[in-house]
Amino acid sequence: MIRPLPIVYLFVLLISLVYGSTRLDNYSYFNLSISGTAFNTSTSVTFIAKSTYIGYDLLMSQFTDSGRYSVSNLDSLPTNSVLPIYGYKDLTGTEFSDMKTYQIYTYLIQSSRLIKCNLYESTTQQSTCQLVPLTGSGGSWYYIAISPTGKMIWTFSVSNSVYTVAAMQLNSDGSMPTTFTVYNSMLSTAYGEIPNELVPDFSQNIIFFSTVLGGVGRLYSFNSDTMSLNPNVTLSNRYSSAVVVSHSLQRVYICSSYSGNKVYIEARDYSFNSVFTNKVVYTFSDTGPTPLCKKGTIDDFQGQIFFYLTMSGTGSTGGNILSVDTNGNNAQVFPIQTDNAIFYPSEMKVFNSPPDHRNNTLTFMINMKLHAIKYTSPCGSDCNGNGYCQNLQCQCNPNYSGIYCETFNTPTSPILTSVSSIAICSASEITISGSNLLNGVVTVGESSCTVSSSTTSQLTCTIPTIPMTNSASGASYIVSVKNPNTNEIGSSSFFYSLPSSLSVTQSQYTLTFTGTNIPDCSVDYSLSVNGVTTVASMTSKQSTSIKFDLLKTAASGPLIVSSTVYTFPAIQFNLKPIITSISPSILYPTTSQMVVVNGYFFGSASTVNQGSYSTTGIYSNNVLKFSSASTGFQDLTITVTVSGVKSDPISYTYVSPTYTSSSFSEDATLGSVATIVGQNMGTNGSLISVAFGANSGVMYSFTGSGNQSTITVLIPRGTVSGEIQVNVNYQLGFSFYMNMVPKISQITPKPSVSGDSVEIQGKFLKNIILQYTKPELNIKNNITTCSITDQYNEKIICTLPSGTGSFLLQAISPSTINYQEVSSSLFQFEYKSPTITAVSPLKVYFNSQTTFTISGSNFGNIGLIVSILNNNDCVVNGTSLTSSSLECKWNSPVSSDTLKSLNFTIEVDTLEGNYSSLIDFGYHCPIGNNQNECSNHGICDFSSGKCQCTDDYTGEDCSTPPSSTNNSSGTGNTDNTGNATGNTDNTAGGNTTNETNTSTSTTSSTTGSHENGNSVSSSTILSLNFYFGFIAILYTIM
């Protein structure tokens, strides 16, 4: 935005700004920050940046970019600081020839188009600018002038030395029309070289410019209204360039240089009559660069002209500012460092600071630097600081006189510089400031003002309390102070401090109007509310506030505070409704009720909001009613809105929900579920929460019919039997007690028959009684010493009693005064099955009874059956039974050629254990008369059950001593080779002792024959004894 800061603050903090011996000593410059792609600070570029101003904003364009900087903030920046950019546009095309402003818009001109941009927009895009092509106008080097009424005029070259003019009328919003007029009639005269700029005085409808044609400088003008060319005039100097116009003097000043180092000023009136010509105002060194006049401006108030001079020639690095008065005198020059002698400003700007015109600044932009000179006036001695310079004449401050305000005059006449004001009907004093006021007699209007104190510079007096005529209309009154000694009178004006516009606030049914200078004229104020004056009564009145209390029937509309002395402007005000109570204040969530709302400032258009429920109230006889919501719980507040203003909320409550019933169930999918039935629980299950102790249940379903609702809640893990709280609509609805039904789902490990600790898994196992039952034995035990092992009460450790077989377990949650006992389903489990780890003996005789010792675990006497070879034929010796061993007797089979092992099965209380063992089966040998096997005179062959007699004993049981041995048949012979040649008979039993050969033929051996033919040699018996002994040893080892 444009910042209209007073120029009095401009450059207050600039470095080096100290008054010097010349008018231009106080100089500084500021670098410009840049944005965009075409900003260039190089000193070697050939194009010149263009600039113009809107208020205190500098608008600058270099090549194809335009930026905006604030000049008003230079007072806070030190010298050489970077002046920030506040907005810019990225534009395309070629170098701009000129730029000017109108309203807040910037207008730039190129060889092919006009561009209008708003540099106060935040966007940097060219697309927000307006572009008007200049097709058909031809030429280049355009210069713009824009009148205060929005007429834009520009010149352009048609050929190297021929120029013409075009114009358009800008629209009221600053936009450009798409068409414009080219004034070809102005082509009748060749203009010569390129003009520097158009210099207008739109108050006189005239625009000036100068050129050089054929080595002769000329000054031109044309009428900006009729767009007609005026007669031109030949100037005194050839190189005429910069033109400045004084609107107050209606003069044109032309700066030129054509003879070496001299600068000339020529002045003419608007009709081109000469004021002075060819006046040398400044001479530079003969050996230095040559000055060229490029741009100029004027402080038309003071009568001081400024020209910018470039310095052409070797050694030049900058330019100069030339200052001269409007008479062409009092010239001064100040050097400017620009680092490039060809650069010069496209526009120079003077900022004045009324009312004293003593803080004046010249600004211009060159080479990305804003240069600033705080200059003094061209009047002599700058009016000695006791006045200001206007049109080269000092205007002296009071009590000063002389050509240069050098004389101080001691005053005697009262001088009034200020008069304070007071409120209407105020008995306060007024203060008059100025000079020569001591003992003055004061009159205000037609009334005397009683003086209470006075000094030379200040006087106080009291005016009458009763207001003077027209005081409420803001009229002024003459204040005069008479010097009683000289009767000289000084005067000024007095105004009552009119009341400010009132502001109003509402607190309940009281309105407070606040302002300043509220008249206190011993009269009361009345308040008109929407045209009605009977609904308000004043309760207090002060100089800054008035309060009124309103009746219930007051309505929104214009508020007018008035008295017989002063009437305040109307204030449009919407009263805030006030709710004092409602009845009933306890509502049902699903049943609509008629509710009466008591309060103030309701009306027929009252909207009642109960939470998200909204309805139009029924207003009658100052009573507002509405039907409450029946769709479930709402926010627990009620408000009333009238004319867009909402009341403060009033709270209400709902009928407390009540408990009807509850049940517990287990669902295969959902798990443990509590079903709760209650009254007045609303219609929205999301507003209901169920707390199982410290745990929250998960709402699964909500159904309702009328005031009764049923909710299904998933019971969280870790819940224990006890109180359950149901919160409805974020407050406690009701609570009840529930005994959680325990559940047994798994037991590990199986207990031994001696009894063990087991882990029981399930649900709700805290504080349960574990009931152990063995129905077939009428055993029922309660186990109360179980311990919880997890945080969810789903695992317990219990010690089970000794037993066998299967048994039943049931978890019982006992009853309390709040709920009945509940129990889990029966869980059938069993003890460990019997296990056989070893049996003995491992050598068993056929056709005999063997007593087996069976070792293992979990043996018991209930239903005890021991089977061998799947026959229940091993009779248990009851006295031998322990949990880990027993003895039983078994009758082995008579014989078997295949039996090599035995399968043992033990069954205890229907539970079985199996075992298989290799068994060495054999036969008993015959028992002799001495009751010994083989009569102790032979070796028993276990596998065959036959005796191998020793010591020449014979017989089946080796009971026949050697003396009784004979060959009864006498028909067989046995040779020594072991080959039987006949049958050898054993007279004791007929058992064949050598059955190698069973042939019936009889063969006699000539060698080695025994006498009896059937005896065995002692060496043979020893060999057999050794053999069978070795076999017995091997068997024992095996």
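Here the Cβ of each residue, glycine as well, is placed from N, Cα and C on the backbone.
Looking up Cys958 in TrEMBL gives a disulphide bond whose other cysteine, out of Cys940, Cys949, is Cys949. Taken together, the residues in the domain 'EGF-like' (921-959) have a mean pLDDT of 89 on the 0 to 100 scale.
In terms of DSSP helix, strand and coil, the domain 'EGF-like' (921-959) has 3 helix, 13 strand, 23 coil. Long-range Cβ proximity for Cys958 (disulfide bond), meaning a same-chain Cβ under 8 A and a gap of 6 or more residues, is found for Gly928, Cys934, Ser935, Asn936, His937, Gly938, Cys947, Cys949, Thr950.
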